[in-house]
Amino acid sequence: MATTPTVETPLLLDTVDGAVDYKGSPVLRSNSGGWRSASFIIGVEVAERFAYTGISCNLITYLTGRLGQSTATAAEDVNAWSGTASLLPLLGAFVADSFLGRYRTIVIASLIYILGLCLLTLSAMLPSLSPSSDNLDAKIIRGSSNQVQEILFFVSLYIVAVGQGGHKPCVQAFGADQFDGQVPEECKAKSSFFNWWYFGVCAGGTVTVMMMSYIQDNLSWGLGFGIPCIVMVFALGVFLVGTRTYRYSIKGKGKSPFVRIGSVFVAALRNWRTTPSALPHHSSEQFKFLNKALPSTDGSKGEVCTVNEVIEAKAALRLVPIWASSLGYGIVFAQTTTFFTKQGATMDRTICPGFNIPAASLQCFMGLAIVLFIPIYDLIFVPIARTFTRKVNGITLLQRIGTGMFLSVISMVVAALIEMKRLKTAQEYGLVDMPNVTIPMSILWLVPQYVLCGIADVFTMVGLQEFFYDQVPIELRSVGLALYLCIVGVGSFLSSFLVSIIEEATGGNGRDSWFADDLNWAHLDYFYLVLAGICAVAFAAYLYFAKSYIYNRQSTS
């Protein structure tokens, strides 16, 4: 008896629009993407953050110890490297979105990353540069070895930065690509992905700070850099194992999105005297000057663009004020690893008799706050909010970002109040002129400001990730995430610039500046209040721009 032919239609309906499998064939929803594929990618990012944090968390100690740099020089080198590492994702994202694609960029960037870590480990394993010998020949040899080791170290360090620049934006965008935003269930899962992504990154970073700093300080720098190298090799292997399960976005056949958006601005400038056609879109009144890139109503000839290209250019331009007003948050973010730690170093760090915790270890409270609050946000807050708002994410992305920005203002006010109490305690006990004497005030007083910063991160940092991924043109999603990363990098540069200006304005002529080496004579409380003011102004500007923002995709609004 003849068998009934298999009906192919359900399989066709099960394919994912705009995506293919690793062979370039239509990809089936049932056996690709989703949490299975995203889990591979989250694991890879946790490993990458382990490697990056394992280098950065204790870098200044290596520079001032093994390489013999002064504190000022070491701080400058650390800031230069971290700033470069924060901006390079823009280049990596451009290469991925314009040429190689995310998957290939991740593989190549991982190999560059591993190369840098191998060389970094090698530089740390060179013979110790002990200054004990007085022999002239020994000094010459030691000086030559110093130079070789330092050159190898910094070359390796910047190779790692290049690898991180290609890896960071592409992995996250590739992970979010595993969920189809046009399907309600997968759209919900994609929103959760960004939460659990940040959860994994922060959990891994918290463990790394505690473990790697101990290994580097007490065991071996070679081991301290070698372990991250081994972890990255393992991570690349895990990523490649998932190759057959991934969904790969189809690159558009038309002009590059950079060219399309740029051509709209060029055409609008060239046609500035013409009267453009009306834009049949709800955002036609916004950035009306770009409408001049459309065909004119008087029939005059000139360079023109399509309606979709103008809409796309407006969508990109709408991101600029949101990005700029978020820089205030980036400035606050930079304080958690600098002045917060300096405060803690002057306070009583005794947890139990005979055991003092390092001042920098309080950064773990920020990580713990994030790790504990993300499940609460994703599993409790979002479902409850969803029942009231009927929105997929519970609240809009801009509301989420704004909530975190408001909390950052509160965190700076709290930090200022605690610093005022620390200064008052120093005065009460007559310790103002004794910078090396511990102030009888527990370091745990700093926990609230760390916790507030951590909770603010859950709202703002995760919200910015999803916002810039979702609101840029699909072909530019890696660039969108690179823009988010740059908020932290540019915020760090702005923080350094602000410190320099205040140092110059409040110091000199025998006066102690707000950042005096003796913190008992400094005024970090004033600085925190200035930051609170800057953040409040940035928050007000953010509210203004967010109120008029038109979402590029209605699913997120």
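Heads up, residue numbers simply count up from 1 along the chain you see.
Positions of Cβ are set from backbone N, Cα and C atoms, glycine also.
Remember, TrEMBL labels are computer predictions, not curated facts.
Listed as Cβ neighbours of the transmembrane segment (106-126) (distance under 8 Å, sequence separation of 6 or more from its ends, same chain) are residues 44, 48, 51, 55, 62, 66, 92, 100, 145, 148-149, 152-153, 155-167, 170-171, 174, 220-222, 224-226, 228-229, 232-233, 235-236, 239-240. The transmembrane segment annotation in TrEMBL covers 106-126 (among others).
Same-chain neighbours of the transmembrane segment (196-215): 42-43, 45-47, 49-50, 53-54, 57-58, 172, 175, 223-224, 227-228, 358, 360-361, 363-364, 367-368, 370-371, 374-375, 378, 457-458, 461-462, 465, counting only residues six or more beyond its ends whose CB sits under 8 Å from a CB of the stretch. Summarising the annotation, TrEMBL assigns transmembrane segment to 196-215 (among others).
When Cβ-Cβ distances below 8 Å are used as the criterion, the transmembrane segment (221-241) is approached by residues 40-41, 43-44, 47-48, 50-52, 54-55, 58, 62, 66, 106-107, 110-111, 113-114, 117-118, 120-121, 124-125, 212, 215 of the same chain, each at least six residues removed from its ends. According to TrEMBL, the transmembrane segment annotation covers 221-241 (among others).
The transmembrane segment annotation in TrEMBL covers 319-340 (among others).
The annotation transmembrane segment is assigned in TrEMBL to 360-385 (among others). Sequence-distant neighbours of the transmembrane segment (360-385) (same chain, 6+ residues past either end, Cβ-Cβ under 8 Å): 57, 191-192, 195-196, 198-199, 202-203, 205-206, 209-210, 213, 336-337, 340-341, 344, 391, 393-395, 443, 446-447, 450-451, 453-455, 457-458, 462.
Per TrEMBL, transmembrane segment is recorded for 397-418 (among others).
The feature transmembrane segment is assigned by TrEMBL to 438-460 (among others).
The transmembrane segment annotation in TrEMBL covers 481-502 (among others). Sequence-distant contacts of the transmembrane segment (481-502) (same chain, at least 6 residues past either end, Cβ-Cβ under 8 Å): 79, 82-83, 85-87, 89-90, 92-94, 168-169, 172-173, 319, 323, 326-335, 338, 464-465, 467-469, 472, 513-515, 527, 530.
Sequence-remote contacts of a segment are chain residues at least 6 beyond its ends whose Cβ falls under 8 Å from one of its Cβ atoms, and for the transmembrane segment (526-545) they are 321-322, 324-329, 331-332, 335, 339, 401-402, 405-406, 408-409, 412-413, 415-416, 419, 498-499, 502, 514-515. What TrEMBL lists as transmembrane segment is 526-545 (among others).
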